[in-house]
Every structure is written in structure tokens, then in C-alpha cells.
């Protein structure tokens, strides 16, 4: 691991930003404590410049040049004084003399480049994560999630990330990367069938209220059946293989589709579902250990 000097925290607060394939994922830390998380769409360069000038949601407003509070929640620019509301409620309007330190983990280089104008930014890279046996093209999101989960619940650890892609990433008890797998996630599989074929309909996630029949009698449910049951079978296969290799190993799941897939696993394989650690913020915990210098 390469040691690196990180920017000084302003009033012990700092921002973590995971730039994903579809959205931005944010966290506000106070020291080592995670206080608040939220998601936004990708932000225009003008808004990034405003944030870099220390302007919070209160100053950004809701006009064409700003961003609404529904998209970017208020960030307290200083620790809440006695008598003020918590981070989850209203916070005092105070101007930042300096923008909060920002630590970025990104899998989208074009988006990363936009944030270089932010004056107090640091991009976390793979060589800063103390995993052994990594390879150069291992995604920073996979590595940080694995590191965060392992440091929180112990190694050996298998992390399942149910996002745009469904990924499996594992490390043994000595923090050596065992390896993993990548396949299209739930939404991407539905989208590919809907967009790349002439007659198959686009199935939306919101349309799925319960497990479809295995052998469907209409096209929409046939697509649901094919995607869902093969994904669940894949999760079961990888998890069982992992536990056969590492009987004392742990399995954690994250990602935007984690609850959907967990519900299906609970219905079909409740014992297996009961072994899963459900934690959406593994990447942020991994970032926190890197920022704090914990290894």
C-alpha cells in the first residue's frame, strides 16, 4: 500500500463520494462516524464548481444554475451547536469558509475528471487498499466494499454487490484476494432484452410484485422468471461454493437491488438468506478505514 497525505478535515467533517455507473453515492462523516448517506444523479460542472466554492444547498437554490434540496440534501458546514437539530433534521444556515474535504472512489473516469476542480479533493486508488494479490483492473468499488466488509465483520469475506452489475468479490483470512465474478444485474438484464430485441417487452422493476412462476404463460412473466431464477441460482451457487472453501467465511450483500434479491432468497432459500450480512455502506466503511489510516 502506498502511503499518502490526505487533506486536513474541516471541523472534523468530510465527504465520501462513490461515483457509480449510474449515479453518485454520498456520505457525510464526522471523524470516523458515518452520519448521513444519500444518492444523486450526476451533477453538472457548474454545480461542482459551486460546491467547490463552499456553497451548500442553502446557497445553491433551485434555479437553473443550482440544484434542488430534493436532489442534494443540506450539509451542515460545522458541527451542530447545542440546541440545534441533528443531521437528519434541519440544520443552521452557515457559510463554509472552505469546502469540506472530499474523498472519491470512482469507476467512471469521465466523471472523476469533472471533480478535479474541487479544491479539497483526493481520489482513492487501488494501491492504497491493503488487500493482497489484487490485479490492476480490479474495480475500486469492489476492492473498497470487500475491504470495508472485511474490516467490519472479519475475513474471510465474500461481498455480493447487487447493482448495475452483479458482482462477487472475495478475500481469505489473510486478506488475499481470492477472486470473483461479474454478470449483468437485474435491471441491466431486463433492459438488454427490451432494447436489443424486436418483440420482447421492456420489463420494469416496479412491475414485479412477487416471484413469478417458473414456467410462465405470458412473455413478461417469462422474462421475469428467466432473469430472477437464474440470478438467484447464481447467488446460491457462488455462496455455497464460498462456504465450502471457507466454512467460517462470511457473506455480505450491498447494492441497489439487495433488498429485492434478499426477499427472493428468503422465499426460496431462507437458511441461506439468514447467513447474509446486509449493509449498503460497505464502500464508505472501506473509504473510512483508508482515510483514517487503519490497516
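Backbone N, Cα and C atoms are what each Cβ position is placed from, and that goes for glycine too.
Swiss-Prot lists 18, 19, 20, 21, 22, 23, 24, 25, 164 with the feature ATP binding site. Residue 24 (ATP binding site) carries a strand DSSP state (E or B).
Taken from Swiss-Prot, the feature region 'Disordered' covers 71-91.
Residue environment of residue 140 (substrate binding site) contains 22 other Cβ atoms, counted within 10 Å of its Cβ in all protein chains. According to Swiss-Prot, the feature substrate binding site maps to 135, 139, 140, 141, 142, 219, an assignment based on sequence analysis.
Taken from Swiss-Prot, the feature active site, proton acceptor applies to 141. Around the Cβ of residue 141 (substrate binding site), a 10 Å sphere holds 26 further Cβ atoms from the protein chains shown. DSSP assigns residue 141 (substrate binding site) to a helical segment in the three-state reduction.
Within 10 Å of the C-beta of residue 161 (K(+) binding site) we count 27 further C-beta atoms, all protein chains included. According to Swiss-Prot, the feature K(+) binding site maps to 161, an assignment based on sequence analysis.
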Distance check, please: Cα of residue 24 (ATP binding site) against Cα of residue 139 (substrate binding site), rounded to an integer number of angstrom. 16
Tell me whether residue 219 (substrate binding site) sits in a helix, a strand or coil according to DSSP. helix
If you count other CB atoms within 10 A of each CB, which of 22, 164, 219 wins among these binding-site residues? 164
